[in-house]
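Visitor: Pasting in a structure now, in structure tokens, and then I'll have a few things to ask.
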């Protein structure tokens, strides 16, 4: 864990306010390229993006994602379609003349989430909601499996 890197990033971001006279010489396409690169590189750990990639991926090439261990693929696809539909709907409302009701539509997402309880079990939703990062979930799941296997092996040895 490096705290210095994060600290330096935030210090330089703060100092950029005072460096506007120098920053104005940087061409806009360069800045757009930097921001595009940062945006694309940040997509790697986002579960929604990973689930979107699963639509066009054959089963044998799918990565070992923790939610794929516990939730059927077709339910993962339904969850992803619901999320994408809500995202597109929010974006359309935001850019239209109906943008005034945008906060109410964000509130409506709470009810959409409650309606998902009818389609999915609580266990499936807990795996798909991604409250904990994928790597942590996978490590904990692998640890539990290993402990279970060791306990079974000890029981067999005792017999």
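Using N, Cα and C of the backbone, Cβ positions are placed for all residues, glycine too.
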Visitor: Transmembrane segment per TrEMBL sits at which of 77-96, 97-116, 117-136?
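Guide: Comparing 77-96, 97-116, 117-136 with TrEMBL, transmembrane segment matches 97-116.
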Visitor: Sequence-remote contacts (6 or more beyond its ends) of the region 'Disordered' (135-159), Cβ cut-off under 8 Å?
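Guide: That would be 64, 66, 69, 127.
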Visitor: Please report, as numbers and ranges, the same-chain residues at least 6 past the borders of the transmembrane segment (97-116) whose CB is under 8 Å from any CB of it.
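Guide: Contacts of the transmembrane segment (97-116) (Cβ under 8 Å, skipping residues fewer than 6 from its ends): 79, 82, 86, 89-90, 125.
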